[in-house]
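Below: the structure, in structure tokens.
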Protein chains: 2
Amino acid sequence: MALIMHTLHVDLGARSYPIYIGRDLLGDPALLARHLTGRQLVIVSNDRVAPLYLGRLRDALDPRVAVTEVILPDGEAHKTLESFEAIIDRALAEGHNRTTTFLALGGGVVGDLTGFAAACYQRGAAFLQVPTTLLAQVDSSVGGKTGVNHPLGKNMIGAFHQPAAVFIDLQVLQTLPEREFAAGLAEIIKYGLIREAGFYRWLEENLPALLAREEAVLAEAIERSCATKAAVVAEDEREGGVRAILNLGHTFGHAIETAQGYGSWLHGEAVAAGMVLALRLSADRGWVPAAEVDALVALLCRAGLPVLPPADMDAGRFLALMARDKKVVDGRLRLVLLRAIGHAVVVDDVDGQEIDALLSGAVAL
Amino acid sequence: MALIMHTLHVDLGARSYPIYIGRDLLGDPALLARHLTGRQLVIVSNDRVAPLYLGRLRDALDPRVAVTEVILPDGEAHKTLESFEAIIDRALAEGHNRTTTFLALGGGVVGDLTGFAAACYQRGAAFLQVPTTLLAQVDSSVGGKTGVNHPLGKNMIGAFHQPAAVFIDLQVLQTLPEREFAAGLAEIIKYGLIREAGFYRWLEENLPALLAREEAVLAEAIERSCATKAAVVAEDEREGGVRAILNLGHTFGHAIETAQGYGSWLHGEAVAAGMVLALRLSADRGWVPAAEVDALVALLCRAGLPVLPPADMDAGRFLALMARDKKVVDGRLRLVLLRAIGHAVVVDDVDGQEIDALLSGAVAL
């Protein structure tokens, strides 16, 4: 029997949906059944997650539901149009009509791919998310961003498609490798930095309990993260304005991921190093005290996250890669900086020289 | 200088847009400039349309706009995920960011492909349509349906993505081959049948002027068709209910197109034969007088359209293909029939036997 510890309602008018946070959600037949559209289900997972959790999920399904399982190879390298096509091919070959439901069982890669397949399947099918990494739980659960990578950049092909429900099962975090757990913490820390100073201080205090994966503390951190993201997204569903603050550390981070090849740095790791750069830039402008940079570095280090970009990436490399970023508007690089802890702003006046100074400083950090 | 004969506002809240109908819209710099989002433009066309009209369009563009031209091979066979990818690849390679605008210069294939590429480009870019076939002008101008075909069915991968504006230039119809012009008339006739009995009678009277491609009569037929479709779509943007009536003749039609291979029957031709089947089914149920079937057959014949399905397609073949149609909900085939001329309804109680009887009758027609 599932224990629902928090239910968060993401309020998007006709596209509103619940996020359930708790234990054994995966094995609750009634909870799943309530959110199926028709009598068909396409479960997408990967070859690392499926052996751990697919059985429990399958056992919880009404036997009258026609289920197709698509198991992809694990990893960001497979977040491609080819994988998207593989999902669509299987769903069509097995006769799924547009009242079918797509369920993503996995991390961000599986979620983004499955959501995009659902968005495009016969011009839009229902989508459920069972995120199995901490990062996916606090990031892709809210916002409706779906998509795949392109050799020329991350998430360059995609759609906005809201899930019908998200099931965050805390038990799946117990088997998550340490490095991936830390990558999720990076995004959680981000929510504190951009908008919730109190939450940020709470995280500094409660990091040991989080690292020990105590369920109640995890549930609270996830709930506050999702709520923060939901509040930002509700103000700006299609990313025209305030939503951009969610990209703190991401423009630098995407450049790192692209330069190193998808999958060599985890997304959360690249964001961690990117957030340090953004905070240093903010400190260089006198917006936050230099001591806050040190405090963030200390927090990320305790969480086991990188605080420096790869040694081989100089300002020129960053600038060239960032120029291709989606955040570039009519040739001007847009970056998220902090006016204070808990108060992010978007700027478009950072020039090459400032990045140059920042990165020569970063190496000396 | 452009002559705008009608401007139709498609009312979809934040996604509302104008449809301009007139002469020389293609060559009007101010009209185009008003609808560009940023300073980048991706023009997608095909190798039959581009030589005729791309030059005029290019001449009308502000020279400061960075233009990428993607010219695809002509034909429904190229409405594939590969062509979609080719558009995205070029746009990314040439540095288009998400404030770029995609412009479709061509028929339905170019429009659907370009719209889908725009929908997915960095999760959604602006989209302009310059439909160059009569069918595209009255069909894909309204509704926001975009997508590509799959070997297992038409339009199986796609999105709803509304254009920012549609430019219907009547001059392009003067060079349209007769067969394609007739295919467009099939869709125009459809609008009369499903909802506008008066328009249907007007079409019966004005067919000679339409076939002579008289501009004022064409403009009126296009305006009334787009207005009818817009009214239906405004009631049901995402195709949950009444919008289904737009599919009169389409379920049969899609089966014909799939069976014959994409591109061997034109879409409008398949719809024409499909409408006759739907009207016969309606007459068999006693909903419309048998004389109306004869009148429709006569009208379609005068327009140069087919009125019978291919001789090699029996009821079994139709049923097998229609079972894969998007209009199938939980195993029940949904068809659009007429309660009267101008009054379409969706039914889900047509069984194999009725189709059987219909098709043995059709051959003897």
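Cβ atoms are placed via backbone N, Cα and C, with glycine included.
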Same Zn(2+) site per TrEMBL - residue from B:GLU178, B:GLU187, B:GLU196, B:GLU354 joining B:HIS250, B:HIS267: B:GLU187
B:LYS154 (NAD(+) binding site) - helix vs strand vs coil (DSSP): strand
B:HIS267 (Zn(2+) binding site) and B:VAL110 (NAD(+) binding site), distance between Cα atoms, whole Å: 14
Around the Cβ of B:LYS154 (NAD(+) binding site), the count of other Cβ atoms that are within 10 Å: 24
Chain-mates of B:GLU187, B:HIS250, B:HIS267 with C-beta within 8 Å of site centroid, Zn(2+): B:LEU135, B:ASP139, B:ALA186, B:LYS190, B:GLY249, B:GLY253, B:GLY268, B:ALA270, B:VAL271
Summary of DSSP states over the domain '3-dehydroquinate synthase C-terminal' (B:184-328), given as helix, strand and coil counts: 104 helix, 2 strand, 39 coil
Listed binding-site residues (B:ASP74, B:GLU76, B:HIS78, B:VAL110, B:ASP112), ranked by Cβ neighbours within 10 Å, top entry: B:VAL110
Listed binding-site residues among B:ASP74, B:HIS78, B:ASP112, B:THR133 whose Cα sits within 10 Å of B:HIS267 (Zn(2+) binding site): none
Which listed residue (B:HIS250, B:HIS267) has most other Cβ within 10 Å, given these are binding-site residues: B:HIS267
Residue pair B:GLU187 (Zn(2+) binding site), B:THR133 (NAD(+) binding site) - Cα distance, angstrom, rounded: 12
